[in-house]
């Protein structure tokens, strides 16, 4: 019998890969499906709570503040074991917090729920999502460092979870666009809350030992973990890469709330069209994961990220032409443009994450995968929040409101210029990912 086979002749790696794919597949699928209740939140705030575009965008970004705390959750999950496990319990805790939040919102929204109360429970939901994402990302990073893991070799596991999240996003947006006109927001919140309960039950049924994760000392301590994270961040190739990546998002003034009002209030675009637009974007995201896994893994990360950044700017310039009515004059219906171009632009922001996460996983020293990946996603979350606040400031400065969009073309043009700026410092990203792996 081969030394690589157990007493029953089975290769242990196959069982391990099965449990990992179940746990991560469900986790990332639910993560992608989070767009389903959030579509209802946007319409609930606009139509029921009657907020304006600036308030909507401020709330959208403010409730993401728990995402900034990801390094703390990462350090805790790396250092603090619960019943001998330090990944699966945190995924379960995250699912539980989310389920409790959404189901509580349903109960409270039967009466007149205040925007402050709603924001607090959305914050709690995002806290749960952050904790679960940190644990999921840490498992992916750990398996990416495992030389014997066939499921993680050459970024295959990263592509798998990327596609699982994309499939969840496709279904979430497709069902959300159809449900928003047929069901109340509360019904959509209930559905997602029950889905999270199901994720919780699946997660607690998976023993962490079945994943065969790389072992690290269970008594390492939070102080030691922080020291290791600090040491990792002092490596120039890691520090410069993360700094550039976060800045490439933060420098762009996001106009999501303004565009939502422009499409729904000014153009009177139906919610189903917005749902289809997001579905189209998620399908493109799914195709991106497949294409990257099959054809682009050998491309230098810097070149790939630069190309994506430039493409984002081009699409933003296209939005300027759209708002000015150029495409309408050419015979292109607004709904077609929103489905295709707006759908793609929305997900282009996230295309850079796949090659960058694989690069960071290879740069990451062993033992602090959860902490470092959490720090990266925290930096990205903070960058998105800064971007959102900059967008509110820009729209306010140019006089763009929920009823006056005369300054929107100039706002979009400034947004495009800001997107080009990071290209001048992209040398901060290492050239060869094959030469940067840290043992």
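Heads up, residue numbers simply count up from 1 along the chain you see.
Any Cβ shown, glycine's included, is placed from N, Cα and C.
Annotated by TrEMBL as transmembrane segment, the relevant range among 120-140, 309-329 is 120-140. Within the chain carrying the transmembrane segment (269-292), a Cβ under 8 angstroms from the stretch's Cβ atoms is held by residues 32, 35, 39, 43, 155, 159, 162-163, 166-167, 169-170, 172-174, 176-178, 180-181, 263, 334-335, 338-340, 342-344, 346-347, 350-351, 354-355, all 6 or more beyond its ends.
Between the transmembrane segment (238-262) and the stretches 120-140, 335-360, 372-398, Cβ pairs under 8 Å are most numerous for 372-398. Within the chain, the transmembrane segment (120-140) has long-range Cβ neighbours (under 8 A, six or more residues past its boundaries) at 20, 23-24, 27-28, 31, 34, 41, 59, 63-67, 69-70, 73-74, 77-78, 87-88, 90-91, 93-102, 104-105, 108, 152, 157-158, 161, 211, 213, 357, 361, 369-370, 373-374, 377.
Long-range Cβ contacts of the transmembrane segment (187-206) within its own chain (Cβ-Cβ under 8 Å, at least 6 residues beyond either end) map to 19, 22-23, 26-27, 30, 33-34, 36-37, 39-40, 88, 91-92, 95-96, 98-99, 102-103, 105-106, 109, 176, 179-180.
Under the criterion of 3 or more C-beta pairs below 8 Å, with sequence separation of 6 or more, the transmembrane segment (88-108) and the transmembrane segment (20-40) qualify as touching.
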